[in-house]
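Let me begin by presenting the structure, written as structure tokens, before commenting on it.
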Amino acid sequence: MSNENRTCSFCGKSKSHVKHLIEGENAFICDECVSNCIEILHEDGNDGTPSESAGGEPEESGKLPTPAEIVANLNDHVIGQEQAKKALAVSVYNHYKRLRHPKAGANVELSKSNILLIGPTGSGKTLLAQSLARKLDVPFVMADATTLTEAGYVGEDVEQIITKLLGKCDFDVEKAQRGIVYIDEIDKISRKGDNPSITRDVSGEGVQQALLKLIEGTVASVPPQGGRKHPNQEFINVDTTNILFICGGAFAGLEKVIRQRTEKGGIGFGASVHSKDENADITKLFGIVEPEDLIKFGLIPELIGRLPVIATLEELDEDALINILTEPKNALVKQYQALFGMENVELEFEEGALRSIARQAMERKTGARGLRSIVERCLLDTMYRLPDLQGLKKVVVGKAVIEEGREPELVFES
């Protein structure tokens, strides 16, 4: 093809009608079409550069999700806990904004916004942390504080948390250094009493001190591929300075510490008068928690200082538990309906059954965590027989199934 007859493969314009005509293999593109392509990519929030794969800095080549967008995503998975969601969203947004603009705070030292979640068992602490990491597309790992020990003791030392985090991103150090670590049951490693221990304990203050080093930022030496440490071995160095740590716990008994502080009262103008009702709302008390309360509970002051954002979660009531059963994308009722649907059987939960399930979970003090075991128990026999029940059209779970252990109603094709 002569130069004069060459045309853009996209718009059909000839070389004489455009400034530039770029030649490829058996194709041409003009400068105008290139400009249009760039505009389209910008409108899609992509500047044309390849984005980082899963587990890197959140949406590196695109827009960092705003706090409102993060909360909207959390609403799809977690019912209620609006204040906790806002606190988490703002802290996480500020954290990754700080990482994206390291030079912006050249004259100001921007601290890391590590988070402490306080709330009863089954209120959604773990699910919130998991959902956050999923939305931000960063490596995420969970650790149980009760299984951790100081280095040198039998058990899982705190540096193994970083080993697990590396494993989540195929030992990509850069990705791991921007990940999220959730440490559950942090309240279970509180030291006994207000005064520091004379001797270090394996599972209490000593573990807090070890965690403190990770949280405030240190270079952890991790064995390659997660193996055990041994002499003459090369280690992977991971800087934990920019890893976001979220700690959670039920803090049973903390309300007594807060009540003791607030009920001291006084005489004169400005003195607070507080009720000594033992049935005072624990959620409201958690909402006014102060660092001094956490110190009295048994957390060391240095650790509390590294967890500047404190978010409290409410105990879930009956209506909230019913919503958890039916509303989120991963709602239990929807999950079981999908399983039954695979056998071409409709599954229905009556309102009375849902309320009974929620009531039993509240009585067990297990919150949302206890819902699955209750539903599983009432459907176990039916699911066992389901593949062999020819002509079954519908299964109805009523109140009596939950409260009296009766079989669900089976509706067959007529």
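Here the Cβ of each residue, glycine as well, is placed from N, Cα and C on the backbone.
These features come from Swiss-Prot:
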type    : residues                                       : note
BINDING : C8, C11, C30, C33                              : Zn(2+) binding site
BINDING : P120, T121, G122, S123, G124, K125, T126, L127 : ATP binding site
DOMAIN  : 1-49                                           : domain 'ClpX-type ZB'
REGION  : 44-65                                          : region 'Disordered'
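Those residues of the chain, other than P120, T121, G122, S123, G124, K125, T126, L127, with a C-beta within 8 angstroms of the mean position of the ATP site C-beta atoms are G119, G248, L313, G367, A368, R369. In this view, G122 (ATP binding site) is surrounded by 24 other Cβ atoms within 10 Å of its Cβ, with every protein chain counted. Cβ packing within 10 Å was compared across the binding-site residues C8, C30, and the lowest neighbour count falls to C8. For the recorded Zn(2+) site, residues C8, C11, C30, C33 set the reference point as the centre of their Cβ atoms, and the other residues of that chain within 8 Å of it by Cβ are S9, F10, G12, K13, V18, L21, F28, I29, D31, E32, V34.
With respect to Cβ neighbours within 10 Å, the binding-site residues T121, S123 differ, and T121 shows the lowest count. Comparing Cβ neighbour counts within 10 Å across the binding-site residues P120, G124, the minimum falls on P120.
Separation of the C-alpha atoms of S123 (ATP binding site) and C33 (Zn(2+) binding site): 54 Å, rounded to the nearest whole number. The Cβ of T126 (ATP binding site) has 16 neighbouring Cβ atoms from other residues within 10 Å, across all protein chains displayed. Nearest Cα neighbour of C8 (Zn(2+) binding site) among the listed binding-site residues (P120, T121, G122): G122.
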